[in-house]
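Worksheet: one structure, shown below.
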Amino acid sequence: MNKPQTPMMRQYLSIKAKYKDEILFFRLGDFYEMFFDEAVEVSRILNLTLTKRNDVPMCGIPYHAAKIYIARLLRAGKKIAICEQVTEPVAGGLTERKVVEVITPGTVAEDDFLEQGSNNYLAAVYCSNKKTEGNSGFDYYAGLAYIDVTTGNFFATSFPKTDFKEQFLKEIGRINPKEILIQQSIQNEFPALKQILSEFPSMMQNFYPDWSFNPDQAEKRLCSTFGTENLKGFLLNTDSPEVPPAGLLLQYLEEISGRDISHISGIKIYAESDFVSLDDSTRKNLELLTNLRDNSPSYSLFESVNYTKTAMGTRLLRRRISYPLRSKNEIDKRLDKVNSLFKDGKASAIIRETLSSILDIERLSGRIAMQKTHGKDLLALKQSLNSVIRMGSLIEEKKLNFLQLNDEEKKLLTEIRDLLENSIDDDCTIALNDGKLIKKGFSKKVDTIKNIKENAHEILEKYLDDERKKTGINNLKIKYNRMMGYFLEVSLGNISAVPDYFIRQRSLSNADRFTTESLKQIEDNINNSEERLIEAEKEVFDEVCTEIGSHHCFLQKLAEEVAELDVNQSFAQAAVLHAWTRPELCSDSGILNITGGRHPVVENHLRAGDFVPNSIKLLSGENSNPEDETIPSFAVITGPNMAGKSTFLRQTALICLLAQIGSFVPAEKAVLSPVDKIFCRVGATDNLARGESTFLVEMIETAYILNSATRNSLVIMDEVGRGTSMEDGLAIAQAVSEHLLNTIKAKTLFATHYHELTRLEHEKIINLKLDVLEAEGKIVFLKKVVHGAAGNSYGIHVAGLAGIPQSVLTRAENLLYMRSQFQKERTIQEARPSAQGSEEKTPSSPAEKGLSLFPEEELILNEILSTDPDETAPIKALQLIASWKNRLSGK
């Protein structure tokens, strides 16, 4: 039989029924308590002690430390509902409680729960069920919208539903939202959705029915928020696939947070064709924002170029790295700005120092507009605006192309700064109830109350002095006790002089006590001055915030200008510190010509001068200029492990990417034609959760490249074909090479240990190798890329460096010697003249022709070495020998 529930538990269950998806923080005195399965889950996530009361699992956290635990739950992708006590506890009665706030990973606005240098995006995705005109013509489209409520940044894009899996994964990987709203029917339409979402385990997922994505309602909500009659100014209409998810985001923000979101004043629409395409594998393999080892920013490209001084600049730098430009003109505009700071080191140093004193204007103004702020925020904004004004004067003097404000905007900037200077007390705290919020002289009402609070004794003394003069009672006194409060005491000898407006309160043996209406008012003012001061200051503070919030659009624009300046000075600083050069961009030529290129990350972690620079020159296939026919488009790169192949591959891709985000590059010289896509297939791991082997993952990535690359792409491939038999791997590697070379004609760097590929003959192929110095049985990796094909992979040497036992190394050397001797014998036999009248056998099928570069004897030798005589049945052995004999004789 179930035990009867207490009134408090019935109250908990009643509130919990309304917040089924949230973790309910139920306030009990000085703790927030959780119960039942929720307590079990929270105790596991937060590593709390799980207890029981009346067989009910429970755990709790101190309310004063709640922010620490809330932050951890948000990072784990959880929603939290804060349930507070809203009435004072009554003996024997039940305290009233209600949910005062719901916090979710994508709607949180408090600094304590945010990463300063990263956006906190809330996203929504929708698939249209009717054809519309979009970036790729007339088609069925999916729309993706995402917003950072803390900054007001609002973006949306669309892509054909036929590309949903690739494009959705690509965009989600780029923006890394903390929370996403998903159209329910997408699960059925795209079974791969579950697979994609599993890649982002900490991203909170909310599924909404299709009717929630109503285009008409979404358009109305967007227009209402933006204050416009239609969405034409944002290149949108009711049929745009971006509209339904964007509208739902605003609805969700209003419902969950209950805040004013009027600071969200517009939305930026973009197309994939505006930016370089970077698939998920490429972003990870190039370690753009995080490294592959521990997923931290250390040893990433972001770390190598991040010399930003503001949180806004850091966030913009992340976005620029994730979204390189395709347009030569836009890239050159960015490079011009970097160059202006690169050339003027003195101005750049002053700008860097000034930027260091600018706080997060984007999020400060966002919190002010949402009325989620305090006095310290306003002081931080004032400090930041002062720094912007100082920096603006220097920029004008130097005629630099930054902080482009017109006269009206400059005036507004000064007015906002002056309002903050005059209104907010420099000694204020984050508390809004300590009476130290509003500066003296700004509000007459506040000043009056402060005067009463701070000068109560002087006010009473002045009143007493006035009454003495009016009554002529020189020994009139003001006294105080808890029972009567303040009162006037008149000695019996002066009772006859007491005026009519004195109100008798009590008679004593030697004196009488009186009050007056004026004294009552003074007492009331003194007793209530603290409460009245808090109310008055809060009223004035809200007025100041409302005024500043009304200029959020301007402050957001100002923040964007500061962020852009910060990113450009960061690029200039990287160029100065690491001797980077400005790349030269060429339109549509397909050229990639890097002289003395270096890996930006590896070089940063070596001693100065230790990194060995290398050059590469490639040109996309099919060029009209006859002189260009001698420039290769496809580089086959061979060399030992640890010689530097992967570093060379990645540095080439990173130099291209750096150029297209508008940065100088680590090279003596770089002449580049902007690429439309960068593919980087280097290394692979299995995906056991999906049932995918390492080889299958590699083939999936390779297939995506072959189906997506264009002539204007840059393709980086390392060790294609490994993970299967040598015959299959070699065949796949050659077939992939031929397709890239003859069909796609993209600029390609193809690293391999299949040395047979170096025998491919084509006017657009170049063989490159990593040079090695061999002397006295030892080898030195020179890290230098030179023309030619490697003759040895030195795998046994590298195995020795890794600590493989000497007995194993010796056996490997013997096997390698046997194989090389066998190969020599075959070479001698092939060199002998053929019998008179005999004809050379030619391949009889396309498949045989495709494999003509792969010596049959090497394949057979590999089979012999892998066959164990002790484990092979006699009949099987005879069959193998007959097969080898026939293949060697060409039958």
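Each Cβ is built from the backbone N, Cα and C atoms, and glycine gets one as well.
Among the ranges 435-462, 827-854, the one that Swiss-Prot lists as region 'Disordered' is 827-854. For A643 (ATP binding site), the Cβ neighbour count at a 10 Å cut-off comes to 25, with all displayed protein chains included. Residues G639, P640, N641, M642, A643, G644, K645, S646 make up the record's ATP site, and a Cβ search at 8 Å around their centroid adds L770, F781 from the same chain.
Shown are the binding-site residues G639, P640, G644; of these, the residue with the fewest other Cβ atoms within 10 Å is P640. In this structure, A643 (ATP binding site) belongs to neither helix nor strand by DSSP; it is coil. Of all Cβ atoms in the shown protein chains, 19 besides its own fall within 10 Å of the Cβ of S646 (ATP binding site). Taking each of the binding-site residues N641, K645 in turn and counting other Cβ atoms within 10 Å of its Cβ gives the largest count for K645.
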